[in-house]
Amino acid sequence: MEQVKTNEVGQEPEQLKKEEEKAEIGETKPGINLQGYCINMDCLAAKAHLPVWVNLGFADISFHSDKTSYHCPDCGQLTVTSVIKTMVFNSEHSISASDSSIPVKHNHYQCFYSIKSGLSYEVKAKKIRQHAISLDDLITRSENAMISNEILNLVAELQKYLITVVKPPKVKDSVRLLEKIKCDYNGDYNQVFDVGRFTILCDNATKLQTAVAVMKKAEKFNLIVSEDKDFFERQSKTHHRFHNIKLYVPKHDVYVEMQATLKNFTTLEGYTVIENPKLSHLFYEHIRAWKPKNTEEEDLKQASDEALTKINDVICEWTDDKGIQKLANRYKSHLDIGILKPSQLFKSESDINNNVSLKMAQFVHEQLCKFTPEKMKGKAIYVILYEYYKKFIIGNKNPASCSDFALLLQESRKQEMEEDIAISQALEMYISLQANSYPHIDGDDNEKNDTFDCHQHVIEFLEKETVEEKKREKQYQQQRKVIIIQGKSGSGKKTILWSNYAFNSKQPIPVYISFPKVYNKNNEKDIILQALQGKHISKEIMDAIREKVPFVFIMDGFDEIFDKYNKNENNDKYFYDRFNLNQWNAKVIVTCRSKVLSDEDINIALVNVNQTQNITTSMIDDSNDWTPKKYEETLNNYPNLQKMVEEPFLLQLILTVLPSLVKQYGAGSRISKAKVYEVFNNQWIDIHSENIISKLTELRIQMNINKIKYTLKQYCLDLGFDMFHQGNQVAVEPESQHENNDINTWSKLDPEMESDNKNGVVDEKIEIKTINDTSNSKTQDVWEKYFNGDSIAKYVLRRVGDNKYQFLHKSCQEYYAAQKIIFDIISWKPNIVTIDNQQFQQQFETHVRQLSINRKLLNEELGIIQFIAERIHDISPVYINLKSRLFRIVESSKNNENISIAAANAITILNSANVNMHYRDLSNVKIPYAILDHAFLEGTNFTNANLNNASFYQTCLNKTNFTNGSMNDVYFGEYAYLEGHSNGVNGIKFSPDGLRIVSWSNDETLRIWDTISRQQLYVLTGHSNWISAAQFSSDGSKIVSCAWDDPIRIWDVLSGKQIQLLEGHSDNICIAQFSPDGSKVVSCSEDETIQIWDTSSGKQIHLIEKNANWVEFFPDGSKIAACLENGAIQICDVSSGKRLQILKGHLGLITGIRFTLDGSKIISRSEDNTIRIWDVLSGKQIFSLEGHTKDINGIQLSSDGLKILSCSSDGTIRMWDLFSGRQLQVFEYSQGITEARFSPDSSRIVSSSSDKTIRIWDVSSEKLLQVLEGHSDEINGVEFFPKDNKILSCSKDCTIRIWDIALERKIQLTEEYLANLMDVRLSHDGSKVISFSSDKTIRFWDIQSGKLIQSFEINVSGEYGIQFSLDTSKLVSYERNNEIKIWDVSSGKQLQVLEGHSIDAQGVQFSSDNSKILCYFPNKTIGIWNVISGKRLQVLEERLNYVSKINFSPDGSKVVFYSEDRTLLLWDLLSEKQFKLAKYEHYTYDIKFSSDGSKFAFDISGTLHIWDILSKKQLLLLKMDSPTKDLQFSPSGTKILLRSYDKKIRLLDVLSGSKIHIFDGFSNVLGMQFLPDGSKFISYLEDNTIRIWDVSSGKQIQLLEGHTGGIAGIQLSPDGSKLVSYAKDKTIRLWGSDSGKIIDVNESSRVECIWKVGVQSFGLCMKDSIWKNTNGLTQQQKLLVEQRGGKF
């Protein structure tokens, strides 16, 4: 800028002025736009005095500039009363004023006119259009305009700026134009502007801006810009990323269209960078003139429009690069996947040309087959086109390519494997079979030693195609493609064919065909088609694919159909010809059992001219002298192995290594899965090391076998982990390394090996650190280091394809990955020998980031988690630091965000190992995504912790502190329960649309809930008794409900109001149900009537006098079926009320019925434990389904109406085939099943049990998927949500709960779930806790660590009871089969069976010295047996009534008992005399001796009796305020505790009977026990608490909380330092005190749980947990926390 000088007269120059921004309100649009002012002072635009625009569109208007009345765009009022400016946009227009000014007529795209005050104006505006008199005239004008000087000058101006201008070689021809005009413009050719058109192409956006600016200045070229549409910055359905400017050429009175865009976006040939540029235009041409003839065509046209839009969005980059790349990533070439021709195109050319849909299908198919894109955009376009083709041309359910077809077959194969349990189980743990080429003979040791790997042989057969084969004639070529596999039943013939045979474009597609399932002797020629149709593959699909790809037909079980095959009168005996296999391009594998068919049969039917290969298979069998009996006996010594072999995939593995396991571990030892795999993999490596040594010896090369083993182990560790890290089970050998000589590997590896490894695993774990970190390697390069010569892969891996290898089984890879992670952790050593804990932790923290455990979350690798978790409990010194190191990793995350993956993995593993983490300081830890399901986190401090995405499914969070914790997206597995009911909830139902829930309760209310928001909508009150049933009408608008001794009520769902009261029954109503159309209600009652009601009027239509307990409408509403008290079903006509039929057959009361979907059959269940299916038309019973042994509690039909589901108190859920009556599946549980329901798609089952749990089962595999615990009382209803992965349940505990079941895969806790605990004791020396549970298992737990030391299962059957001896060395069991057995607790072995009795024992008791057992029987007999010999010593056979209570005296010399005839007796065992002490009017249920044996006491109907043994006289008779449940003498015998029915504990003086203290104010007391010195006593209560009381003050001094179920028992350790408790929550807890001993505690002492074993039942608990300032919890989660006792 030049310097500014003062002028001559000395004045300063004026300052530069900034231009004020002109604010305008409103939007201008094509047509007339008026600008004026609003006068509404409530309008913001008016207050700011801002002008506003009013758009009137294309119109003819008149207005006076000062007297207008238009809507203000800001306030919407008619308050724009004056106009100051007019702008006409994209229009041909004229404007004139009332003064003398000349009217204006123009077609410029944007004209502004000032409006003068006081004048009137007339404005006309219409859309621009051509002015031709015919189409030919328009074409001529356009041609002339395109070569006019005006246009050519403009083009030249643009080209000066290096802008490309493309002129089409000629204008569009008249035929094409006529079609377009007719279709798009209703025949009006003057609406067409692109007859003359130029395309302007620019290199970048700036150039495009320039080009548009130049064109808008077209006046200087005597051109008028008549319309400017910007389709570059806004999306359009028909115009894609360009500016559309229409230039008017006055000389020729015609418009020419200029379209400007970027070169990247054009599809003009010769200028485009888009592959297959014509595709989008051709696609558009197919759609443009399409007039759909029906809804099907309308849907296809709409889908076509959407596909074209997506394609143009890619071309013009409306879809961003990331989105385009995502599409392109899904691309697969048609050369790889093989596009299939749609079945509808198998028609004549004329048929296709006359049908737009078919023409579209043909066009897209041709494009997909021809188009092979290489660039990202092209691939994305191809994917869009293919997905459109697959979904809308082919149909989603049909294969669009050969690859789809293969996947379809794979899914079918998967389903078949799931249905065929034998295959699925065998595949879980597949071990390669050995085979040879001659028949196997039992006992043959294969001296020829010419066996080979059967799986590998079959793979090679499938891949092999020799030059000789190509030269053979077609017939022999086909025959050469057959292989026959013979083997024993169960040897794995079928399994080998399934194992790891993966389809790719170069391999034939495998098709599994089960001969027994598909063979039909009348249709042998079409057996392949039949098999494929059974897999839901149509003939049309087969026609499309048959010529494209080869197949492998795996034809299984030929021997099973041979009899039918042989008897068929067909001269052609060769199966290949008979099954018409010549028409298929296929290799064939046939399996049959050995020794079933004769050699002659095989030669004739299968072999034919010796062209077929025949293989005989045999199982791998380590030569040993073990008999089946020895295997069985050995497994009995290892209870947890017995659990493992219940999983079929582990059975073969364990049997393979059992002899080796026995050598390493003693009887009763806990052998973990990790130990099994360790032995197996070591054995596997040993075998292959021997093979390598053998081959090297042949070559005269010597090598130490330990070096080879070490190298192989290290190789497997590294490869196993890399497979996990890459998420790929298959390692791919680079092609260039495939030809290496394998023996050379050893000479290469030899110099790199360390000296002979003689120091065990510890040295090995250091060596594994030498492998380079490959975390940043490309995926395709990660495997290179594993194929430095192919020998290792060849010897320890399985080849599964071209250059592809994997471990013997996925679980082997998981084992090695786990071991790699473990050794990585435990091999680290500090760099200073002497180091304190703080220094150790600091050094360790710097190392954690490099650990392999920090590479990737293990959450999806549950197998790896389990292997590592099991090592935590491994007693081998190698793993002694694993647990502490994992905790150190978690601790390290407090200071380092970068090790959050390692920390999350570590705490997940610790939790999987069931390590107690209660009261641990985990503040500031960073463990996002940690799995803490079922964790014991009572009192744990998580303040300031990062717990984002952590899972707390069924976790114990009592007293846990989450203050300031980050908890975004945490998972609890359940939602806040629906609050409202004040008494037990009797049932729940979803509305037909799934949007509402109705619940009914003993609180006499129904409640309606919103399914999505889970909010209560209405409380329906009116019933005066507990409600027994409710139902929605079919349209969901009404609810009918019934209650005991109360009328039926009908409610309006929308308003929540009662709309009808159906009065007429005189007794309790059993059920009330709507008819299918909701117009009627049927009910039955204990007044022995069935009544039908009119819903709208509430009036009774019919009264049928029958005593029924259930009634229901038929699906069509024309009839009802009633279950009568006499076991019959009566069918009545609804319109007349008359009886139509009686169905008789049940032998007990019918408890419920269901109709089939079409109403043609009735399914009934009865107290006779049968389900019966009845034909309605004939009234005859079709099937009786028998299998349940107890009450059947429910039946349901599957969604397809083909299967019946039933559940029973016998602990089973059974599934039956409706049409055959055959039982299909049984799901078993140890507790009675109260209800079972199918999921909406019938793929899963949800059940509730008498133990208050909910279980979810997978139908296809019969596996238990999830156990949901949380309800504290009987569950009355359970349902799947109709549309969500949730479960709804209700219970007598007053709650309605919602459970999330989306995450079915949970971590496997290494410490098993405990069954119901029957007794828990401390060992005599106090070193162990001993438990016995309902799974018949004795377990020993170390008192210091809580680790499970040993377990044994004892052989008891049926119902039984148990009793420990006082020194815990023995256990006596008494069964319902008359057997009384004595067991050695330390070994689990049976010592004695007590003889001399003939009926079941009623109870047993050990004497105080453990030498004798007292047994009493219902036949009025009492006996004493010697524990050592098992012989009966004494018997009392007085004519006694049933013994209600009995007890040994402390010295074992006397027995006191009370009989059913209310007689009190004393039996002196030394003198063998019996004394009748007294006879009473009522029973007693507890008799207790004082510790010195001088007295005993009991309560009868609230009166306390204390007797003296020596004098046999009553010392005290004291009337109490409440009857006594239990009593206990103090150790000194001077005081007595009474536990009463009034929930109080009373402490009395024995001599005087005076009350010392009354302890009350708590829930029901379950038990109590004095401490040894008598100064305190412990009580345990129904509220799940344990309380310690001071006897002298009567005060509670300690409250022990934590159990979530009723406490079943407690015991002090012999030294009084510890307390053990066990509860109905299936856990055992050990408690300790900071004061040293439990017996020394006082009010200031702190008693805490030291450890807990067992997985806590009763679900998620949060009592007294702290959630202050936590971040990320949703409102629903906060409500859940509050409901469970958490505090914010």
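Cβ from N, Cα, C; glycine included.
Note that TrEMBL annotation is computational and uncurated.
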TrEMBL tags one of 1-25, 1076-1100 as region 'Disordered' - which one? 1-25
The answer for the repeat 'WD' (1062-1103), taking Cβ pairs under 8 Å and residues 6+ beyond its ends, is 1028-1029, 1031-1035, 1037-1038, 1040-1050, 1109-1113, 1115-1117, 1120, 1122, 1132, 1134, 1136-1137
When pLDDT is averaged across the repeat 'WD' (1143-1184), the result is 92
What else in the chain is close to the repeat 'WD' (1436-1477), if you only count residues 6 or more beyond its ends and a Cβ gap under 8 Å? 1402-1403, 1405-1409, 1411-1412, 1414, 1416, 1418, 1420-1424, 1483-1489, 1491-1493, 1496, 1498, 1507, 1509, 1512
Flag the pair the repeat 'WD' (1310-1351) / the repeat 'WD' (1600-1641) as in contact if three or more Cβ pairs fall under 8 Å (sequence separation 6 or more). yes
Please count the residues of the repeat 'WD' (1600-1641) that DSSP assigns to helix (H, G, I), strand (E, B) and coil. 3 helix, 18 strand, 21 coil
Short question: which residues 6 or more past the ends of the repeat 'WD' (1600-1641) have a Cβ under 8 Å from it? 938, 956, 958-959, 1313-1317, 1319-1322, 1324-1326, 1329, 1331, 1341, 1343, 1346, 1566-1567, 1569, 1571-1573, 1576, 1578, 1580-1582, 1584-1588, 1647-1659, 1661, 1663
Near the repeat 'WD' (1362-1393) in space but 6 or more residues beyond its ends, with Cβ under 8 Å, are 667-668, 1318-1319, 1321-1324, 1330, 1332, 1338, 1352-1356, 1399-1401, 1403-1406, 1408, 1410, 1413, 1415, 1425, 1427-1430
Run through the repeat 'WD' (1565-1599) and tell me, per DSSP, how many residues are helix, strand and coil. 0 helix, 21 strand, 14 coil
